[in-house]
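Notes for the one structure printed next.
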């Protein structure tokens, strides 16, 4: 019996990595999609004797790009035994199915999820928490909005670079070692943050925390998928999603409390004991779900991806600086604009080369073949645009509330709490609607509510608006966003083959973090360019300029949400054309 999943390896029918095919069963060691060290080449079927246990290979003769199917003899025997067991199992009638009970969840698994969940929760919490503290940090370190936003942008950029490595780490290292790497980064980041003497030191703390969070986020879900009983996977994945959804809701409120009642450095001191608890839980309970393999990582691929992402974010930042300089008539604006263009070109070239090398690689970071699905591409783009809108609001609302309306840090944090919490609770409900009705109606209705929310901001918010109005408008936005966001990802992953879902998930996670970094940079440009030349913070002209900059940001976010809606229209159109919709 041959499996239905293809190896993540593409070969020519008569050569392997440029070596001439000698007519025999050429074998080479590499990794398959599930971490199997085996190999192959041409011929209709052969046994590769130099791979562990031998491997049965089936391939179609053809040109470069032919996908091979492979499995070890041990796997064949195991699958055959499973099939016999399944055939021999008694078939339960409708009358007695009610006696089937869900499998119990091992205590060690619960505590393992708790340990990794604490890490992920703290990482995401600090992401939105820092936004509320920006005005305080600007005053203490004497820096501008465009500079302080790098605490969030840099953090998200690091997360977006680390997340794609999760697949390699999972195959290469034991789970407990991966956990230790992540939590050590988080703990050291907290210690550095608590001892911060200047802005670069705080930036270092955020980079360390970003590395830890980038490992912890996929680790939590990988533990669930590897070790949870099949009857409980959905339940435990829901718990993991709740962690991810709740943390952003609490971040601004926690940041407001800290900024109001204690020195901001204390936030890192407060978080440290929770990380130490997670460390103890993880060391005592995390178990290995699947064996490791001799995975290989191409440093050039990682370098190209890093250059592409970093250059892209810096290009946007430099472009914003150029816009600000042009608006003030400052010298050097032209040079800054040229630098932005050069960085953008470098980013595009690096990512194109990365994509080309990944297509030909025996062990790519992400199998980009998942992007061949047109509906998947439209879902991914809509998902990125929705993330830009959410992170944009979480940045601009607390900052404009404090710097534009004179609202305290605590109140500005509370503004976003009701909408974020209620939206997080709606996420499971929207998933149930998707299961029952399909993707079109739930996602379309949710996007309509999201659009109404951003229109309320762009049309009605002005210098005389109150905190209550901001809170109500944000509540409307989050109700729609929360019901659209997760379903967009779920619907998108449903458009690709099962063996490519892990790669699709990696792309969603990576671009989610990158979109957050881009959004923070763009929205900071709107605020900084408006504030430039309008006096010091607290003056009437500065307050008015901040409100104007925030309004420009709201208009931008409205356009972003409209584009997300159009993306989903195209996605549904292609799905209907391909028969994926009734």
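Glycine is treated like the rest: Cβ placed from N, Cα and C.
Record features, source TrEMBL:
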TRANSMEM  109-136  transmembrane segment
DOMAIN    112-578  domain 'Major facilitator superfamily (MFS) profile'
TRANSMEM  148-166  transmembrane segment
TRANSMEM  178-201  transmembrane segment
TRANSMEM  207-225  transmembrane segment
TRANSMEM  237-258  transmembrane segment
TRANSMEM  264-286  transmembrane segment
TRANSMEM  336-357  transmembrane segment
TRANSMEM  378-397  transmembrane segment
TRANSMEM  403-427  transmembrane segment
TRANSMEM  472-493  transmembrane segment
TRANSMEM  514-533  transmembrane segment
TRANSMEM  553-572  transmembrane segment
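The stretches the transmembrane segment (264-286) and the transmembrane segment (148-166) do not meet in space: the count of Cβ pairs below 8 angstroms, excluding pairs fewer than 6 apart in sequence, stays at fewer than three. For the transmembrane segment (178-201), the partner stretch with the most Cβ pairs below 8 Å, chosen from 109-136, 148-166, 403-427, 472-493, 553-572, is 109-136. Using a cut-off of 8 Å between Cβ atoms, the transmembrane segment (472-493) and the transmembrane segment (336-357) share fewer than three residue pairs, counting only pairs 6 or more apart in sequence. Counting Cβ pairs under 8 Å to the transmembrane segment (553-572), the stretch among 207-225, 378-397, 403-427, 514-533 with the most such contacts is 378-397. By the Cβ criterion (distance under 8 Å, sequence gap of 6 or more), the transmembrane segment (207-225) is not counted as touching the transmembrane segment (378-397), fewer than 3 such pairs being found. Beyond the ends of the transmembrane segment (336-357), by six or more residues, the same chain brings 298, 300-301, 304-305, 307-309, 311-312, 314-316, 318-319, 321-322, 325-326, 364, 368 to within a C-beta distance below 8 angstroms of the stretch. Taking the domain 'Major facilitator superfamily (MFS) profile' (112-578) as a whole, pLDDT averages 85 in the prediction. Counting Cβ pairs closer than 8 Å to the transmembrane segment (378-397), the top stretch among 148-166, 403-427, 514-533 is 514-533.
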